[in-house]
Amino acid sequence: MRIKILLVLINAFISIVVNAQVNTEEIQLIVKTNRMEALLQYPEYIKEFYRLTGYNYVWLNNQANTSSLLQLLRSAQQEGLQEEDYQPELIQSLRNNYYIQPAHRDSLLTEVRLTDAALHFFRDIAYGNRKTAVGFNGIDYSPGCFNIPSLLAAAIAANRLSNLVKDLEPGIPGFETLKDWLTLFNQSINDSLFKETTITSTSISSSNRPLMNKLYFLGITDSLNGSFSNADLKAKIRSAQSLFNLMSDGILRKTALEALNMPLTVRIEEVKAAMNTLRWLRCASMQSPVFVVNIPSASLLVLHNGTVLLQSKVIVGKPATPTPTLASVITEVILYPYWMVPNKIATRELLPLIKRNPGYLEANNMQVLNKAGKVVSSGSVNWAALSPSWFPYVIRQSTGCDNSLGIIKLNFYSPYDVYLHDTPWKVLFNFNKRYFSHGCMRVEKAVDLAHFLLKENSIALDTLIEKGCLHQQAPIPITITGRTPVFVLYNTAWTDSTGTVQFNEDVYRKNALTKPAGLE
């Protein structure tokens, strides 16, 4: 009924404004002379759009177009966007039917502002409604692979305006899953029975009402007041733990309570942020495969044209030594890399160990380099005289089975001295929460990633890798011929190669709203 009423109102409005003479020269004049620029978000897009449409009306003389646009803008929340971003006063006025102004100039202004709202909306559908922040943008990346005015004009001409949303969305399965979660969470908070509660009891029982409330509004149970057996409820708890990337054992520990007690409004913002990031990445992944490391999920995806080509677990920095966000380009694969120990690690962690045990360096396959880069005998160094403020050396770990970088390093420039690399301590990949490093990213499938980057050298690569972790082998750098960007990002909600979405710990406390309800 609401839609029918809306159509009647729109039709009434259009019938008034189109009575005024439609003069393409006037719309051309108002667009080209920037007379409305203060009212518009994308004036340059508008100029291009009306050039393509011959400076004709596309909204006020077409009820179907206007109706479709208003319905699309109403769906902005379901797309993870903000309806109030798109000419909100005008749109609300049209819906309320009190912006009917038959003067010809007013119809021109309304027409152009509707176009601005449409262009803005579809631009956000394509690229996201906010820039994904990175600490270092070494490739100066900004999405811009679509001609939004041209696509909008073509969609209107083909009477497929509503289809343009699907055309512009990222194609990876996880994006649709995120939309499903957003729909569920929005339905939950709009439910008349919904209220935020705090679980304080670890009792796994249907009588634990806050627990039952949380499970229901998270979509894990299908009944708010139903009775579940202990075994069934434990299975539901395991489902919740899996959703939050926790150990799935059906026990309500502190970590599970914290995750369950997170307000649903926060979960909504996490989903919207992840959707925004996938939109932001789409153009980069259309041009070439991209490596995307997500810190909270400690995972890596290789994305290309809407497909996940490869997935790997990653170990990222612990909270005290966080992995930085960045965008760069992988330039080379180094086989049998040296580990040049960062100065902070050398002086704050290794120096005290060396002072206590002069044989520490030799036992750990490490060498001392002077300022000229020459190897010096560790016995010739007066270790007692050194300190974090005076350390004129570099410590280097040689190749071998105990090398901290394993046998593969994927190199890219950043000001942070971090990179992707192999590791000899693969047992750590068995943990759900893999926040153990000093900032670098240890990759479980380092060999697979090297193969992906060096397809033309795969036989030579296999020959070298089959030799294992050679002791005292000189590093072998191999330059990458193609261009493979790497993005290191921070999204607490994230997807995997199957499209499964998980909500991860805000390990670096970057999300302003992720403090769990009722917990100090």
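Using the three backbone atoms N, Cα and C, a Cβ is placed for every residue, glycine included.
Taken verbatim from TrEMBL:
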- HIS421: active site, proton donor/acceptor (ACT_SITE)
- CYS440: active site, nucleophile (ACT_SITE)
- 289-462: domain 'L,D-TPase catalytic' (DOMAIN)
- 1-20: signal peptide (SIGNAL)
Neighbouring C-beta atoms (10 Å sphere around the C-beta of CYS440 (active site, nucleophile)): 24
Pairwise CA distance, HIS421 (active site, proton donor/acceptor) versus CYS440 (active site, nucleophile), rounded so that it is a whole Å: 8
HIS421 (active site, proton donor/acceptor): secondary structure state under DSSP, collapsed to three categories: strand
Number of other Cβ atoms within 10 Å of the Cβ of the residue listed as 'active site, proton donor/acceptor' across all protein chains: 24
